[in-house]
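Heads up, the thing below is written out as structure tokens.
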Amino acid sequence: MGSLQLILVLFVLLSDVPPVRSGVNMYIRQIYDTCWKLKGHCRNVCGKKEIFHIFCGTQFLCCIERKEMPVLFVK
């Protein structure tokens, strides 16, 4: 009878699982949310000190700081 009570207590304690943030690891997410050789970030809107260079997928902008922008040679 004691082991039955112990098992019931364990089931009750294990059924109460605390909420955990699910999803991709934050380090992996950081790699996939970057663009332009890991110097830019994929965002909806670029910040004040950033400029838009290319697209990330179909709906996000690759925002790069001006100092990280590649030099474009023009004839």
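Positions of Cβ are set from backbone N, Cα and C atoms, glycine also.
Positions annotated as disulfide bond by Swiss-Prot: C35-C62 (among others). Packing around C35 (disulfide bond) is summarised by its Cβ count: 21 other Cβ atoms lie within 10 angstroms of its Cβ, all protein chains included.
A simple way to gauge crowding: the CB of C42 (disulfide bond) has 17 other CB atoms within 10 angstroms, across all the protein chains here. Marked as disulfide bond by Swiss-Prot on the basis of similarity to another entry: C42-C56 (among others).
The feature disulfide bond is assigned by Swiss-Prot to C46-C63 (among others), with similarity to another entry given as support. Counting only same-chain residues six or more apart in sequence, the Cβ atoms lying under 8 angstroms from the Cβ of C63 (disulfide bond) belong to G40, H41, C42, R43, C46, G47, E50, I51, F52, H53. In the three-state DSSP scheme, C63 (disulfide bond) falls into the strand class.
Annotation source Swiss-Prot lists signal peptide at 1-22.
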(request) May I ask which residues of the same chain, at least 6 positions away in sequence, place their Cβ under 8 angstroms from the Cβ of C56 (disulfide bond)? (result) C35, C42, C62
(request) Work through the disulfide-bonded residues one by one (C46, C62) and point out the residue whose CB has the fewest other CB atoms within 10 angstroms. (result) C46
